[in-house]
Structure formats: structure tokens, C-alpha cells
Amino acid sequence: KGKCPEDGWDESTVELFLHELAIMDSNNFLGNCGVGEREGRVVSGLVARRHYRLIHGIGRSGDISAVQPKAAGSSLLNKLTNSVVLDIIKLAGVRTVANCFVVPMATGMSLTLCFLTLRHKRPKAKYIIWPRIDQKSCFKSMITAGFEPVVIENALEGDELRTDLEAVEAKIKALGAENILCVHSTTSCFAPRVPDRLEELAVICANYGIPHIVNNAYGVQSSKCMHLIQQGARVGRIDAFVQSLDKNFMVPVGGAIIAGFNESFIQEISKMYPGRASASPSLDVLITLLSLGTSGYKKLLKERKEMFCYLSSELKKLADSHNERLLDTPHNPISLAMSLKNLDENNDAAVTQLGSMLFTRQVSGARVVPCGSVQTVNNYTFKGFMSHANDYPCAYLNAASAIGIKKQDVDVFLKRLDKCLKTFRKEAKQEKSINEISDSNAATEQLED
């Protein structure tokens with residue numbers, strides 16, 4: 001049926017299935033005689049076993065989704081993977097998605113492929129409207145495709161950074177809809193930035209006849225992000241949405257899923273990919289989903305949501321104990337931010353030093369964001385880089401509850417963060433005491449004089 005099984009398969013069943021696919025490829029035929037330049041020859045037995053002897057990759061020179069006659073097994077693997085992944089996307093909340101395919105590139109290059117496909121539909125267009133998110137790969141994806149990003153600064157609402165819809169529409173009118181390739185929006189992001197107002201953006205795109213590409217990098221794991229995509233497509237226009245394999249399905253980096261609501265447009269994108277492609281990302285995600293089954297993946301989604309609530313409540317307690325606060329970002333379902341005002345006021349370098357301390361204590365993924373940092377990316381200068389705004393009111397620390405996180409991860413992180421913050425407080429007290437003694441000595445000397 002081309003759907004993910006409800007109950008996961010055991011390892012031996014998955015391996016038997018992969019071996020059955022592999023013996024359908026010509027390089028594994030007994031007595032095969034290859035006289036071409038690409039015959040699936042592999043010198044290392046270790047490499048062959050690592051790929052389950054599925055050596056031919058996927059697609060043909062003109063279409064990544066095409067069937068390769070001498071690689072029936074690899075072609076079947078490709079078709080099944082795309083079908084199973086489509087089933088999971090529907091299960092995760094985008095129920096009307098029409099088509100998708102796994103591409104052996106990470107999210108940034110996959111977005112570039114979408115933009116290059118749109119180029120043929122809108123030859124006059126040279127701009128991409130992009131509500132700002134401080135992440136280099138999605139910015140570079142537009143530059144690499146040869147377009148000029150038009151950065152729309154976010155609007156500060158309470159602690160949250162949200163889409164400035166008026167600025168988006170004003171920029172469309174100023175540039176002219178025919179000169180705009182698409183709107184490039186984002187769902188999953190680091191707090192205090194929250195997912196873009198997808199429904200409103202989708203309506204604007206529909207009204208002006210402008211394509212809409214969504215960067216849904218790690219949004220499959222969030223029912224809220226997937227709901228936004230579903231609603232955006234229902235009320236307006238979303239042409240394609242792109243998500244990472246490693247972030248959503250816990251496989252090695254190197255693959256993404258391009259999905260959309262118009263089957264023919266997604267096929268156009270797949271045909272734009274030049275040449276054949278590695279089957280590794282497809283193989284990894286198919287093995288993972290067959291092993292988990294829909295029940296296993298649902299369980300992971302449920303656990304992630306529970307851990308988000310736990311991380312939120314415990315990080316709030318920790319923030320309060322250090323006279324800081326958990327920033328109020330209710331529209332972000334994955335990432336949290338805790339202010340570092342006291343740290344920033346006492347010592348300019350303390351915020352970045354905290355990041356180093358956490359990293360050396362084996363805390364990965366937590367980001368510390370100082371105020372006022374400047375970064376130039378492809379000749380475009382971002383003020384307040386990493387904070388998604390020119391002048392965010394305070395320095396802060398990010399932590400995320402992503403798929404696969406465990407209670408132990410949260411507890412160890414909070415314990416180590418608490419210890420680091422106490423170290424800074426202790427140092428600040430000592431420095432204050434030394435300053436007070438120095439001031440007292442100076443006052444005594446003045447009196448004596």
C-alpha cells in the first residue's frame with residue numbers, strides 16, 4: 001500500500017527486505033557482465049555492506065524520481081521511501097499534501113532547488129521576500145540560486161518576534177509582484193522568533209499571484225508548525241515546503257523532503273535535479289520508519305511535546321532563582337529562551353563566556369545570544385545577528401525540546417546551567433567586595449590626608 005506500517009519491523013525483517021531489493025539490481029546478478037562506465041562496482045566489501053549492496057543510487061540523469069531499468073531494487077526503494085514519507089507527513093498534520101520526494105541534499109540546497117525551478121516560471125523575477133531569520137543556510141539558499149533577498153525585519157510583540165505583514169505587503173507593492181520570485185517564510189525557528197504568520201502570508205501570496213516556499217526545517221515534529229502549513233494551503237497559497245531528514249527523523253545529515261499541494265509542481269522540482277543521486281538518505285529514512293512504524297513515530301512526537309512542557313516549567317524555575325526570566329513566547333512550540341540581563345550588565349564578555357562554559361561541560365545545542373553582535377553574510381550586514389532583530393531588548397540563552405530528547409537531557413542541562421550561573425554570581429560578588437574594599441581604602445586615605 002506504500003504506507004508506513006503501524007507497528008515497526010524488527011531489524012532482521014528490515015534487513016531481509018533490503019536484501020530482497022538489492023538482488024533486483026543488475027550489479028548483484030549472478031553472471032552479470034557490465035561494460036559501461038557506471039556498473040555499480042564497489043571495491044570495498046565494507047562499503048558494499050554499509051549500503052546493503054544498493055549501489056546504483058536513485059533516478060536517472062534527467063529526473064531524480066525516474067525508474068532506472070538496471071536498478072529495479074534501488075528504484076523501488078526510492079518510490080517506497082517517498083510514499084512512506086508522504087504518509088508520515090499526513091500523519092503529522094498536513095493531510096492534504098499531494099506529493100513529496102526525498103532529495104539527497106540538506107535543507108538549504110533543497111530550498112535552492114525550489115527557487116531554481118520557479119525561475120523558469122517567473123523569468124523576470126529577481127527578488128525573494130524573506131521575513132528575517134538569523135540562520136545562514138536559508139539566506140544563502142537564495143543567494144546561491146541567483147536571487148536578491150529582500151529582508152523584512154520582524155515586529156516585536158511582547159517578547160516575541162513576529163511577521164510584519166504590513167511591511168511584506170508594502171514591499172510587494174513597491175517592487176511589483178511580477179518582479180518577485182516568491183515569499184520565503186519559516187515555521188521552525190529559535191525563540192524569541194516564532195513561526196511566521198503562514199495563513200496571512202499565504203493569503204497575500206494568493207492575492208498577488210506570488211509563489212510561496214516554506215522553510216519547515218524541523219517542523220514535522222511539531223503539530224503546530226504542520227497545522228500552520230495545512231491552514232496556509234487551505235486559505236491561500238503554499239507551493240512547496242521543505243524539511244530536514246536528520247532533524248525530524250533522527251538520521252545522519254544529508255537529506256531533506258520537498259513536499260507540496262500541487263503534484264505536477266513537485267514533479268517539476270524533482271526533474272530540475274541534475275543527474276542521479278545518492279540513495280543513502282532514502283535508505284536511512286526508510287529503515288528508520290519501517291523500524292518505528294506509525295505508532296513508534298507518534299510516540300516520539302508525544303514524548304517531545306511532553307518534554308517541551310517539562311523543559312519550559314523547569315527552565316522558568318531556574319530563571320526565577322537567578323533573577324532572570326523565561327521569555328514569553330507561546331507561539332514557538334519547540335524552542336525556549338531565558339533572559340541573561342544580569343549577566344550582560346555585569347560583564348560584556350560574560351554572555352559568550354557562558355556559551356563556552358556550557359560547551360566544555362558537554363552541553364550541546366544551547367545557544368547564547370549577546371546583544372549587538374554584527375555579522376556579514378554574502379555582503380549583507382545583519383545587526384544583532386542570531387537574535388533575528390537589529391535591537392532585541394536583552395541577551396538570552398536558547399534551549400529546544402526536539403524529537404528524541406529525554407528527561408535526563410533536560411535534568412543534566414539544567415544542573416550544569418545552574419552551576420555555571422552560580423559561578424558567575426560568585427565571581428560578581430567577589431569583584432563587588434574587592435571594589436568596595438578599594439573604595440573604602442581610598443576613602444580612609446582621603447580622610448587621613
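Including glycine, each Cβ sits where the backbone N, Cα and C put it.
In TrEMBL, annotation is done automatically, which means it is predicted and not curated.
So that you can see what the record holds, here are the features copied from TrEMBL:
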BINDING   R38  pyridoxal 5'-phosphate binding site
BINDING   R60, S61, Q68, R276  substrate binding site
BINDING   R234, R361, K426  tRNA binding site
COMPBIAS  435-449  compositional bias 'Polar residues'
MOD_RES   K247  N6-(pyridoxal phosphate)lysine
REGION    429-449  region 'Disordered'
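For K426 (tRNA binding site), the nearest of the recorded positions by C-alpha distance turns out to be K247; the candidates were R38, R60, Q68, K247, R276. Once Cβ contacts within 10 Å are tallied over all protein chains shown, the recorded positions R60, R234, K247, K426 are led by K247. On a Cα basis, Q68 (substrate binding site) lies 29 Å away from K247 (N6-(pyridoxal phosphate)lysine). Residues R60, S61, Q68, R276 are recorded as binding substrate; their most distant pair of Cα atoms lies 10 Å apart. Per the record's binding annotation for tRNA, residues R234, R361, K426 show a top Cα-Cα distance of 55 Å. With respect to R60 (substrate binding site), the closest of these binding-site residues in Cα terms is R38, chosen from R38, R234, R361. In terms of C-alpha distance, the listed binding-site residues R38, R234, R361 place R38 closest to S61 (substrate binding site). Around the Cβ of R276 (substrate binding site), a 10 Å sphere holds 21 further Cβ atoms from the protein chains shown.
Cα distances from R38 (pyridoxal 5'-phosphate binding site) to the binding-site residues R234, R276, R361 are smallest for R276. Sequence-distant contacts (6 or more apart, same chain, Cβ under 8 Å) of Q68 (substrate binding site) comprise H56, I58, G59, R60, S74, S75, R276.
Sequence-distant neighbours of R361 (tRNA binding site) (same chain, six or more apart, CB under 8 Å from its CB) are R416, K419, C420, listed in sequence order.
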